[in-house]
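One structure is given here, and the rest of the page talks about it.
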Amino acid sequence: MPVSLTYLGIDPGLTATGWGVIGISGSRLTHIANGTITSNARLSLAERLVQIEAGLVQVIHEHAPDAAAVEQAFVARDASAALKLGQARAIALLVSARAGLAVAEYAPNHVKKSVVGAGHADKSQIRLMVEMLLPGAKAGSEHAADALALAICHAHSGSANERIAAALLRAGAGR
(Lines of atoms letter the chains of each structure in order from A and count residues from 1; the text may use other names and numbers.)
(Lines give C-alpha, C1' and ligand atoms only; values in the text may rest on other atoms or scores of the structure.)
Protein backbone atom coordinates (compact mmCIF):
# COMPACT_ATOMS: atom_id res chain seq x y z
CA MET A 1 0.00 0.00 0.00
CA PRO A 2 1.51 3.39 -0.96
CA VAL A 3 2.42 5.85 1.75
CA SER A 4 -0.02 8.75 1.94
CA LEU A 5 1.34 12.25 2.56
CA THR A 6 -0.12 15.74 2.78
CA TYR A 7 1.58 18.79 1.26
CA LEU A 8 0.85 22.46 1.87
CA GLY A 9 1.58 24.98 -0.87
CA ILE A 10 1.89 28.65 0.08
CA ASP A 11 1.77 31.58 -2.35
CA PRO A 12 2.82 34.45 -0.07
CA GLY A 13 1.63 38.00 -0.46
CA LEU A 14 0.92 40.89 1.88
CA THR A 15 -2.59 41.54 0.55
CA ALA A 16 -3.48 37.91 -0.19
CA THR A 17 -1.62 34.74 0.75
CA GLY A 18 -2.89 31.68 -1.06
CA TRP A 19 -2.71 28.22 0.45
CA GLY A 20 -3.53 24.78 -0.86
CA VAL A 21 -3.40 21.34 0.72
CA ILE A 22 -3.14 18.16 -1.34
CA GLY A 23 -2.70 14.51 -0.57
CA ILE A 24 -0.46 12.12 -2.46
CA SER A 25 -0.61 8.35 -2.33
CA GLY A 26 1.72 6.69 -4.81
CA SER A 27 1.27 8.80 -7.92
CA ARG A 28 -2.34 9.75 -7.11
CA LEU A 29 -2.98 13.37 -6.11
CA THR A 30 -6.09 14.48 -4.24
CA HIS A 31 -7.38 17.93 -3.36
CA ILE A 32 -7.95 18.45 0.36
CA ALA A 33 -8.55 22.19 0.76
CA ASN A 34 -7.50 25.63 -0.44
CA GLY A 35 -8.09 29.24 0.44
CA THR A 36 -6.76 32.74 0.70
CA ILE A 37 -5.63 34.60 3.79
CA THR A 38 -6.24 38.33 3.38
CA SER A 39 -4.84 41.14 5.47
CA ASN A 40 -6.56 44.41 6.24
CA ALA A 41 -4.83 47.20 4.29
CA ARG A 42 -5.87 49.73 6.96
CA LEU A 43 -3.70 48.04 9.56
CA SER A 44 0.01 48.57 10.12
CA LEU A 45 2.49 46.31 8.34
CA ALA A 46 3.21 44.49 11.59
CA GLU A 47 -0.49 43.84 12.22
CA ARG A 48 -0.97 42.59 8.67
CA LEU A 49 1.91 40.15 9.08
CA VAL A 50 0.28 38.91 12.30
CA GLN A 51 -2.94 38.26 10.33
CA ILE A 52 -1.00 36.18 7.79
CA GLU A 53 0.79 34.31 10.57
CA ALA A 54 -2.47 33.53 12.40
CA GLY A 55 -4.10 32.30 9.19
CA LEU A 56 -1.21 29.98 8.33
CA VAL A 57 -1.04 28.62 11.88
CA GLN A 58 -4.76 27.79 11.63
CA VAL A 59 -4.32 26.05 8.25
CA ILE A 60 -1.41 23.96 9.54
CA HIS A 61 -3.28 23.09 12.74
CA GLU A 62 -6.40 22.06 10.81
CA HIS A 63 -4.73 20.06 8.03
CA ALA A 64 -1.50 18.78 9.69
CA PRO A 65 0.60 18.67 6.49
CA ASP A 66 3.80 16.65 6.28
CA ALA A 67 5.71 19.30 4.32
CA ALA A 68 5.31 22.77 2.86
CA ALA A 69 6.31 24.41 -0.41
CA VAL A 70 6.68 28.19 -0.58
CA GLU A 71 7.03 30.27 -3.72
CA GLN A 72 10.35 32.09 -4.05
CA ALA A 73 10.24 35.82 -4.55
CA PHE A 74 10.51 37.18 -8.05
CA VAL A 75 12.49 40.32 -8.80
CA ALA A 76 10.12 43.27 -8.73
CA ARG A 77 10.72 46.70 -10.16
CA ASP A 78 9.15 48.29 -7.08
CA ALA A 79 11.60 47.87 -4.20
CA SER A 80 8.93 48.59 -1.59
CA ALA A 81 6.64 45.89 -2.99
CA ALA A 82 9.54 43.43 -3.10
CA LEU A 83 10.35 44.10 0.57
CA LYS A 84 6.72 43.57 1.61
CA LEU A 85 6.56 40.34 -0.38
CA GLY A 86 9.78 39.23 1.31
CA GLN A 87 8.26 39.87 4.71
CA ALA A 88 5.16 37.82 3.85
CA ARG A 89 7.46 35.04 2.58
CA ALA A 90 9.39 35.15 5.84
CA ILE A 91 6.15 34.61 7.77
CA ALA A 92 5.28 31.61 5.55
CA LEU A 93 8.74 30.11 6.04
CA LEU A 94 8.78 30.79 9.79
CA VAL A 95 5.31 29.39 10.50
CA SER A 96 6.01 26.26 8.46
CA ALA A 97 9.41 25.65 10.05
CA ARG A 98 8.12 26.37 13.54
CA ALA A 99 5.42 23.71 12.97
CA GLY A 100 8.22 21.23 12.25
CA LEU A 101 7.51 20.93 8.54
CA ALA A 102 10.19 20.32 5.95
CA VAL A 103 10.01 23.44 3.77
CA ALA A 104 10.92 23.60 0.09
CA GLU A 105 11.08 26.73 -2.04
CA TYR A 106 10.36 26.87 -5.75
CA ALA A 107 10.78 29.62 -8.34
CA PRO A 108 7.54 30.59 -10.11
CA ASN A 109 8.84 29.43 -13.51
CA HIS A 110 9.81 26.03 -12.07
CA VAL A 111 6.29 25.58 -10.66
CA LYS A 112 4.71 26.57 -13.98
CA LYS A 113 6.95 24.17 -15.90
CA SER A 114 6.23 21.35 -13.45
CA VAL A 115 2.45 21.80 -13.50
CA VAL A 116 1.68 23.24 -16.95
CA GLY A 117 4.74 22.18 -18.93
CA ALA A 118 5.72 25.75 -19.82
CA GLY A 119 7.72 28.11 -17.61
CA HIS A 120 5.82 31.17 -18.79
CA ALA A 121 2.25 29.90 -18.38
CA ASP A 122 -0.39 32.45 -17.44
CA LYS A 123 -2.74 32.33 -14.45
CA SER A 124 -5.64 30.80 -16.40
CA GLN A 125 -3.42 27.95 -17.65
CA ILE A 126 -2.22 27.26 -14.11
CA ARG A 127 -5.78 27.17 -12.76
CA LEU A 128 -6.92 24.87 -15.59
CA MET A 129 -4.08 22.38 -15.04
CA VAL A 130 -4.51 22.44 -11.26
CA GLU A 131 -8.18 21.60 -11.67
CA MET A 132 -7.33 18.84 -14.17
CA LEU A 133 -4.68 17.30 -11.90
CA LEU A 134 -6.91 17.56 -8.82
CA PRO A 135 -10.38 16.41 -9.90
CA GLY A 136 -13.13 18.22 -8.02
CA ALA A 137 -10.83 21.04 -6.94
CA LYS A 138 -12.06 24.58 -7.40
CA ALA A 139 -9.43 27.13 -6.45
CA GLY A 140 -11.08 30.04 -4.68
CA SER A 141 -8.63 32.59 -6.07
CA GLU A 142 -5.57 32.92 -8.31
CA HIS A 143 -3.47 32.85 -5.16
CA ALA A 144 -5.07 29.58 -4.02
CA ALA A 145 -4.55 28.08 -7.50
CA ASP A 146 -0.88 29.09 -7.36
CA ALA A 147 -0.58 27.53 -3.90
CA LEU A 148 -2.11 24.27 -5.13
CA ALA A 149 0.34 24.36 -8.05
CA LEU A 150 3.21 24.72 -5.54
CA ALA A 151 1.97 21.68 -3.61
CA ILE A 152 1.67 19.69 -6.86
CA CYS A 153 5.18 20.76 -7.90
CA HIS A 154 6.51 19.61 -4.53
CA ALA A 155 4.70 16.29 -4.82
CA HIS A 156 6.29 15.77 -8.24
CA SER A 157 9.73 16.87 -6.99
CA GLY A 158 9.95 14.77 -3.83
CA SER A 159 11.71 11.43 -4.00
CA ALA A 160 10.08 8.27 -2.71
CA ASN A 161 12.65 8.12 0.11
CA GLU A 162 11.74 11.63 1.24
CA ARG A 163 8.05 10.69 1.22
CA ILE A 164 8.65 7.56 3.24
CA ALA A 165 10.89 9.39 5.72
CA ALA A 166 8.27 12.12 6.17
CA ALA A 167 5.52 9.54 6.71
CA LEU A 168 7.64 7.70 9.26
CA LEU A 169 8.38 10.95 11.06
CA ARG A 170 4.69 11.75 11.07
CA ALA A 171 3.80 8.32 12.44
CA GLY A 172 6.49 8.59 15.10
CA ALA A 173 5.31 12.03 16.16
CA GLY A 174 1.77 10.70 16.57
CA ARG A 175 0.19 13.28 14.27
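From the backbone N, Cα and C atoms, a Cβ is placed for every residue, glycine too.
Feature annotations, courtesy of Swiss-Prot:
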type	residues	note
ACT_SITE	Asp11	active site
BINDING	Asp11, His143	Mg(2+) 1 binding site
ACT_SITE	Glu71	active site
BINDING	Glu71	Mg(2+) 2 binding site
ACT_SITE	His143	active site
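Here the features listed in Swiss-Prot are painted onto the structure.
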residue: Asp11; record: active site; Cβ neighbours (10 Å): 28
residue: Glu71; record: active site; Cβ neighbours (10 Å): 26
residue: His143; record: Mg(2+) 1 binding site; Cβ neighbours (10 Å): 26
Please report the distance from the Cα of Glu71 (active site) to the Cα of His143 (Mg(2+) 1 binding site), rounded to the nearest angstrom.
11
